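The structure appears below as structure tokens.
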């Protein structure tokens, strides 16, 4: 998981740089400002639009687009899993040929990138299709087993419009696979980031604090404590980072002196910001105070990261600055508004979705234990039909279609009634 912002090629011949003993000329201040400003803008786009789409995703009815909820247990394990993955990639690059590893990873991210980009552009492309466009529905279904033991492996629904978007995304995929161009890399990186913010949902604010706190330690350790993360970021030729050339003004689109930002620095704070947007909506106050506060906090944190990196000329763990800002600013606002309890008791997974029937209230009973028991007995006895006291009514209810039996029952009842009357007179 690449989660550091770095300026790896500014004035030095490092990994990926020239190998003939010459050094790169230092980038101009204009080029550096353009690169950093572009990285900041590219980081904000998937967070903003991904958060908006996460609200629609939570309310959607398409099962294939249902979000993946991150629980507190998942959040606690995530830094450990990310550390193992990062160290494993580092050892792979040290032991095996970097060329073959990157070829395998390129094919893997080629497929994932096409699917992610297709899902990203699909809502925008649907606005350009005419009403007369022949749109057919398709379903891709893979199952395992048979009969009652049949289990769905893949169940994906799509239509002709999705196929058009898939074709357009494939063009970008082929461009990336053949040229590894930084624009194609960024298109895939933005798609991955937006899909991550949209489809990964934290179930509550406490889980978000656990996740951000754990990755705060993870980021600081692997950037400042070792050279593992920076080495993997430079060696890993895959769209897991956003890049922008600092020498764009001098070399144009063929520039190769890049500043980079890991996708982890976008997705991890982004899913927390998206959670706060859904919390804003749950308050039903027609304001997005916590969303805008956390969004401004992200801008502040990332801007501070870029400033520190530029001053000290060293790769920085962006989460070192982003985590305190993204958590601290909204909590301070909640303290000022007296809504800390509401913030930490909010459950995103308990949202009322249109296609999910849920129990909206629970019956409450007040009083002594005896009155509670009586009320429960009344609840249980409520649906039952009371037994009629008239024996003829019982017989008539059980055999309503037998007129002879009904007549006989009536005669018997009248006879018993007349005998009772005679005894009373005597």
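A Cβ is built for glycine as well, from the same backbone N, Cα and C atoms used for every other residue.
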Range annotated as transmembrane segment in TrEMBL, from 10-32, 33-55: 33-55
Matching range for TrEMBL feature annotation, transmembrane segment, among 147-165, 166-184, 318-336: 318-336
Candidate ranges 75-93, 227-245 [criterion: TrEMBL lists as transmembrane segment]: 75-93
